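Everything on this sheet refers to the single structure shown next.
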Amino acid sequence: MSNVSTASGTHFAPPQADRSVTEEVDRVNSRPDELENQEVLRQLPENGNLTSSLQREKRRTPNGKEAERKHALPKSFVDRNLSDVSPNHSLDHIMHSNEHDPRRGSDEENMHRLYNNLHSSNNNVHSKRNSKREEERAPQRRSSSVAYTQQQFNGWKKEFGHAFKKISAIGRLKSSVNSPTPAGSGHRHNQHQHQQVNEEDLYTQRLASDLLDSLLAGCPASLFASTQFLRDEHGKRRAPLLLAKLDVRVSPLKNDNNILDITNSNHNHRGNNNNNTGENSDRRPSIPRSSSIISISSNVAEFMYSRNENSLFRIHLEYGIDEDRLKWSIIRSYKDIKSLHHKLKIVAFQQLTISKLYSDNNRYHSLQLPHFPHYKEMVKERNVMEKKAENKPSSAASAPHTSENNNNDNGSNITSLETLSSSEISEFNIDNVKMKHLQDLIDEPDDFSQPIHLRLERYLRLLNIALCLRPHANRLFEFYELSPLGNLLSRESGFQGKQGYLVIRSTAKAQGWRVSHFGKHAFKDMIDRHTTKWFLVRNSYLTYVSDLSSTTPLDVFLIDWKFKVRFSGNKNNILDNENEINWIIHDPNLEINDELEEFGIENDANNILDKNGKSKTHQKKSNISSKLLLLTLENSERKLKIICKSESSLKQWMSSIIKMSTSTPWSKPNRFGSFAPVRTNSFCKFLVDGRDYFWSLSEALLMAKDVIYIHDWWLSPELYLRRPVKGNQGFRIDRMLKSCAEKGIKIFIVIYRNVGNIVGTDSLWTKHSMLNLHPNIHIIRSPNQWLQNTYFWAHHEKFVVIDETFAFIGGTDLCYGRYDTFEHVLRDDAESLLDQNFPGKDYSNARIADFHDLDKPFESMYDRKVIPRMPWHDVQMMTLGEPARDLARHFVQRWNYLLRAKRPSRLTPLLTPPSDLTAEELKSLPMFEILREKSTCETQILRSAGNWSLGLKETECSIQNAYLKLIEQSEHFIYIENQFFITSTVWNGTCVLNKIGDALVDRIVKANQEKKPWKAFILIPLMPGFDSPVDTAEASSLRLIMQFQYQSISRGEHSTFSKLKKLNIDPAQYIQFFSLRKWSTFAPNERLITEQLYVHAKILIADDRRCIIGSANINERSQLGNRDSEVAILIRDTDLIKTKMNGDDYYAGKFPWELRQRLMREHLGCDVDLVEFVEKKFERFEKFAAKNYEKLHTLSKEGDSGNNWSDREMIDSAMIELGYREIFGCKFSPQWKSGHGNSVDDGSTQCGINEKEVGREDENVYEKFFNSVDYGKSSRKRTPLPKHNFASLGLTFNHRAGIENVGIRDHKVLSTDPRLRKNDEHKKEVDGYGPDCWKKESNKKFKADATEQLKEWALNSLASKVLDDKEMIKSEIPEGFSNYLPNEKDLEMYLTDKTVTNRNKWSMLKRICYLQYLSHKLDERKTQRLKKIKDMRRHLSSSTESTRNGSNSLPLNEKSNEGESTNVDQDIEGDEYHRLHEDILKNQELDDGSLDDLLSQIIPKITNFNSGEIDDAKKEELLKLNFIDPYSFEDPLISSFSEGLWFTIALRNTLLYKLVFHCQPDNAVQNWKEYGEFTELEQEFQINQEKLIDLEAENINSTTTNVVDKDREKEKMRKAAELRMKLSGSLLYGFNQKVFDKHTAQRILERIHGHLVIFPTEWLAKEVESRNWIFNSDRLSPMEIYN
């Protein structure tokens, strides 16, 4: 075991019980010189120069002071070798030594000095003097060592004294025997190893070895822990840092203007993760550990006299022993180091005096300090040497004694402190220290002839050992600018600046804190706020703690683009002119280079220009001085005034802060006035609807390692992220977050604080439910309406950041009602909770009733068999890397602001912002290698923030600025989905200020003037999501919001339509508003229902090249910035795809282009899961064809012109071949067979067709992004893993919340929720012993079900296809698709036709594949529907029988699960199903021909856009359209899509909905009377459905029982006649008044495609004109709430 060190320098090693080892120790101690002589003789060089060997020997000898030891080498041998020194070699050696000397002369001077040294007798003089000195010091060292060791053991455990002596001996034995050649020896093996490991790393290895030995010794390790109980002279706890891990190097600096050329004076970094450039940025400069006396003896005088107490030194420091050890450097003057020494001597004297006043002499142990090298000592020593040289020129070898024990006597007259005798304050004795990393100091004494920087380095290194375990180390940490918090923050990349004590002068209010001035603790708190604090300058912020040893930040001051730094002493108190800059930069302690350019000043200290441009010489004393020593920091939020200790300190802080602010991108202004810069090469993935978002989030939470930030308007703890409940109980969000917290992950949540029952979110339940899960979960509700005087606005952001690396941002809250799929079902009537997709409160309809009783999550709010749920459409997106860091910074800023404003009752930590990702850190992220090719987006985080939400002095509205710019710069179209559309209008004296409406008008006017096509597609909800009918007094919010929307769109002179009409522009040609609606059948009687599909997305897509996704609505609240707080992201994809725009070739960004198509396909009824599945399949075909095209292509050997085929042509042919095999289900096509034959191996063997054999690395975006990381169990065969694990980034400081970062709190009682206090049932329910039966489920089954759920989404009903054998084209396919699926011969002719391009063939194969899957899926639905009819018959029969028996109870619906196989009687189909109600309805039920005639009469005339004539062909197409091609969405501007498909489908769907349901809002309803009529018709339709259901039940019962009851038959006929009369009588008032029977209505609704309808812009317009729309009570509310 190597020697180890403690506070006293005594070395220990583990005790050895072996007797032989003890005997060996005694032998070694008795004969040390003999062993050393043998060792030295073995290491002597056989030939060559001895000088370099002597230099190496100084480092090698373990116990000696110099290489020229008497016992090591005979004098004659030394003299002989010295006389044989080669001049050339000595010159190289001396020049190498001198190159580190700041006062070295020219080459000629060095040559002259070399000649004098080689031919003088100084060599022998120094050798004899040092030998004599060594003899005199030997007995003294031994006696001192014994006394010193005895004293230290008396202070500790005396009973361990004997054991520790043996440990010390064993340590020396292992150093001599096990390591016969010490570090730096001449062994060949060690020499070879030394060539590979540089001196710096070798020293660090020794340091680590010493530290490890100390910890393994046991007692030193316990002493390290005991330092936490120590207090310094000020009562401060000793900082928990190990001085044994600190390395110090000192290099001189010239005190001239060249100091400006040196960089990174106050910069620290970890290992090689530093991204700064400069001479000292990555590696400490090589400083000689010792200097040869030969090389510097002739210029000692020059060196000593040229220095003074203002000499500057750069101190290079390293803390740690690993590769990422902390490295930094500071600049100190000789006076600073001397002042440190004097302060420590004062403390030592005080403790010595106090110890004498007490009988217990051990109350304070003597503080032993190493000797400090004084300049005057060197002068005196030089004078003595010169006098002796004059008096005794022949005996120049008798040099003065320079023992360290006598150095105090030489400098005893320097200060009064030096008069303390060495007996009173004992001096640190290096002879008792046996440590590897101090071996160079042990080998070489403190010699006056050494350069002062080496002597200071020696002093500081010994001081580290002397104060290693003492509380006085705090002074040393302050001197080194080393603190525990700085060490914890050192993992951050970027600039790391100065640390030190400062005093805060500014008031709490100016700093942004809300404090009380009248509480019992107010005065004490005020005093505490203005005492000294330990400040740290970090990469993009400043922070401070209470003292050096604290790790709990008391404030975090962020740098932003409005950051300013000011200092006192000038007129304007602003750093804005040349003199003020010069006043800072010409302090030699400072280093500012490129930063001066920020102020327009060139860095030329010798040639400074005055205001007239003339050169002037810099004066030593500036005209500007600082008397107040005050620094004022200001950002966009607040001010911070701090007082420095001295003018020099003020300049140093100014320098560090300016360098930090200029090095960070956060101090630069950004596009759109945003707080965040533009980021490039970002990965982005859109997530449409809650299903995709929730699944992806659950996967990301499983990957979390560090911190999780959640910012939501509302968060429901009982929300399931995966559905159905069965098998996914563990994916409930509170359980997932609890699991993360138990792993040590820190979770921070911000939610909106609702006021009473005005908003039914129950944030109090959310807060305490989450807090009760685990201490690692922290949550803040905001705003506090009463304290902040904010009653109307809300924190509306919706984003999640995981590990400051992954981010999800958009419009979806993690709460009830947001989960949905692309199908947007209206029903979920499963009896069991485990089978429900929308369990408990998640089954919601805001138009019926708002949320209530949220503390009962599993209780439904409505009758699921009567009231449909309101579907929810939303868009979220996921990003990786730098944009996630920007979002994390916004969260940190919000969190810290809320802490300053609220002062929570619980300990809640302040957070530090993340540093910017470096290139190395980005590469170490998981999935970086996988997603690097897809990381092509340019992104920027935008936000709406103001004074109330973030404390900003100036409101930020970068979201509105981006909206306006994208609309202005759009060339072809914009596509908007938003919850509201309130903009640029005036109503009832209220002016809407956001300019989005004006931007649309301006762009339309420009398009009209240029005669170029331009369109705006805008989707908004049919009605806002507020409960109560619009004609009731309770619907005040609903009416006011709709009024503002209509005023913005079509009503009033300030509306968009009115502004365009004034310019004779038809708005319909350029801007169209749409909405979404859904219909379904409702169990148990298949009753027809409808409900609006609520649009909650907040997106804008411009020209398929740029898009905005976020939480901001188009209204005043979200856009202005000073109301609701919002966040969004702007995306521009640089990966361009060739497509079409208005029929011309066009290059679109991949991300916006795919997002728009995904949304439009969903709205028009395409199966987007199938489209995505087909796209992934054919994408694999493309990759496989590109690798195997030579074996797969079907082209002839030569082309048409006789030339060979190009690679592109062969790849296209191979792709078509693979597509052919997929569609036709064969092994090869006839064309391939004719060219290759049966026996030729194409290399595929169905690979690329059979999905089980294809490399599925790109099969699914979510699986590829989340599941490809290797956690030790997954295979490496398919997906390449990142080179570095995610953990290589390390844990951030925010991960230490609650531990090192304890947090702050106010003096008030803890807040609680009585519903959760001592609520054991809720705790059991969270643990899994509740209604969802989590703990009762089999873990194995649970994991399997959860893992396969995502595949069930996309692969549901895809297990088999309609065409799966050779006769597949001829097999039965659903009616309606027979016109679109071609027969086999037609498809083959198409694929072999040379006139058809390969691109069209490839596109056709995709369409056919999609139709095959879709037809099978519809066939499955038909089977399920027939089964439901059979169940309905059984139910109706049973209900009738039970009614007859006088029972009112109905049996449960015997509904089987969707996935179960059913045996449905095929005789129910067609005519037999029709006969169930034909006797009742007779001719009232319309057939398909009658429906076509009816629709042709009610559909309005369609005018051709180009010719202006009535287009009958388009009207016919509108009637018979029953298929949407999912690959016809590429060109949104061409009239065949925008008018012929998009608008046509919306118009037809709108008419069909009105025809059946008479639903509102609708343009046909102009006044309250018509509103009432439509409401009555809607109710009548529902009543008629119920009557028809009852009659069918009776008819079924009579058919099944064959019982003739005349009275009952008559009653049935009467009811049927009455129903027919109602149905026929309704036609008298026109088709708008027609009420259809259920079966005719269902036939009409089956012609609806998708969910798209036209937004009614003229609903109840007459009532608005007559001022009857708004109730009088509506005018009482503040209009700012609703616009």
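Positions of Cβ are set from backbone N, Cα and C atoms, glycine also.
Checking T51, T1440, T1462 against Swiss-Prot, you find phosphothreonine recorded for T1462.
Of the candidates S145, S1048, S1311, Swiss-Prot records phosphoserine for S145; the remaining residues carry no such annotation there, which does not rule it out for them. The most crowded of the active-site residues listed here (D803, D1103) is D803, judged by how many other CB atoms sit within 10 Å of its own CB. Note on proximity: among H796, K798, D803, H1096, the active-site residues of the record, the Cα nearest D1103 (active site) is that of H1096. Helix first, then strand, then coil: DSSP counts for the domain 'PLD phosphodiesterase 2' (1091-1118) stand at 3 helix, 14 strand, 11 coil. The two recorded residues, K1098 (active site) and D803 (active site), have Cα atoms 26 Å apart. When the Cα atoms are compared, H796 (active site) and H1096 (active site) turn out to be 13 Å apart. Cα-Cα distance from H1096 (active site) to D803 (active site): 28 Å (rounded to the nearest whole number). For K1098 (active site), the number of other Cβ atoms no farther than 10 Å from its own Cβ, over all displayed protein chains, is 28. Cβ-based neighbour count (10 Å, all protein chains) for K798 (active site) stands at 28. DSSP assigns H796 (active site) to coil, not to a helix or a strand.
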